[in-house]
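Following: one structure in structure tokens, then a few remarks.
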Amino acid sequence: MAFTLTNKNVVFVAGLGGIGLDTSKELVKRDLKNLVILDRIENPAAIAELKAINPKVTVTFYPYDVTVPIAETTKLLKTIFAQLKTIDVLINGAGILDDHQIERTIAVNYTGLVNTTTAILDFWDKRKGGPGGIICNIGSVTGFNAIYQVPVYSGTKAAVVNFTSSLAKLAPITGVTAYTVNPGITRTTLVHKFNSWLDVEPQVAEKLLAHPTQPSLACAENFVKAIELNQNGAIWKLDLGTLEAIQWSKHWDSGI
């Protein structure tokens, strides 16, 4: 079902980083009512730029680390709901690429995403009288086929795809729909230099960037198109400037 972003309230976790910032720029062009950015480090210049692109959109920043206990996330969301009354879309975009930091990679890329999603269900779940909502989780093409030199990062992205696919199937119960956007190799600071697991490939970043990549802006444009297409359960691949819905192969079914 097509979705218009005009006059909507969007909460964007990590909306100031590489792909995140370019996506935020595309979002404000869609005449949102509110764009609420939750990020670890404030960037006043970026916030000012977003406001200048479309002064009609209210852009608000809250400091947020996705690794905090879920109770703190719920408290922050309560503040945001009190101010906006409604939130239409949650974008979970926090991510790091450094397989030296095993625990933090899992905490940021997966656990934090799960916790933020779980927290907003307190407000959205129709079983609690909530209105439902839309969750857009940022995965990666490494969730389809791993970059084997960074198995921890790739594993977290595979987990995001599976978690989000489960959320989509739960939509009739919760009223909350969900899908993933999965960028291919995109020219951002994230991939300029990073560590492989156990240093199995010291030149992993250089070797990766020797292959075709896409600019962050092209990825961001397709990111927003995916939001507007609003297909519950979609697994979007955003690679080399294209947007494609992946048809996942089923090799097993629980039968329940």
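Placement of Cβ uses the backbone N, Cα and C atoms for every residue, glycine included.
Feature annotation from Swiss-Prot assigns NAD(+) binding site to 12-35. Under the heading substrate binding site, Swiss-Prot lists Ser140. Residues or ranges marked as active site, proton acceptor by Swiss-Prot: Tyr153.
Here the features listed in Swiss-Prot are placed on the structure.
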{"residue": "Phe12", "record": "NAD(+) binding site", "DSSP (3 states)": "strand"}
{"residue": "Gly18", "record": "NAD(+) binding site", "DSSP (3 states)": "helix"}
{"residue": "Ser24", "record": "NAD(+) binding site", "DSSP (3 states)": "helix"}
{"residue": "Arg30", "record": "NAD(+) binding site", "DSSP (3 states)": "coil"}
{"residue": "Ser140", "record": "substrate binding site", "DSSP (3 states)": "coil"}
{"residue": "Tyr153", "record": "active site, proton acceptor", "DSSP (3 states)": "helix"}
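Cα of Arg30 (NAD(+) binding site) to Cα of the residue listed as 'active site, proton acceptor': a distance of 32 Å. Look at the binding-site residues Gly15, Gly18 and count other Cβ atoms within 10 Å of each Cβ; Gly18 has the fewest. All chains included, 18 other C-beta atoms sit within 10 angstroms of the C-beta of Arg30 (NAD(+) binding site). If you draw a 10 Å sphere around the CB of Lys33 (NAD(+) binding site), it holds 16 other CB atoms from the protein chains shown. When other Cβ atoms within 10 Å of the Cβ of Leu27 (NAD(+) binding site) are tallied across all protein chains shown, the result is 28.
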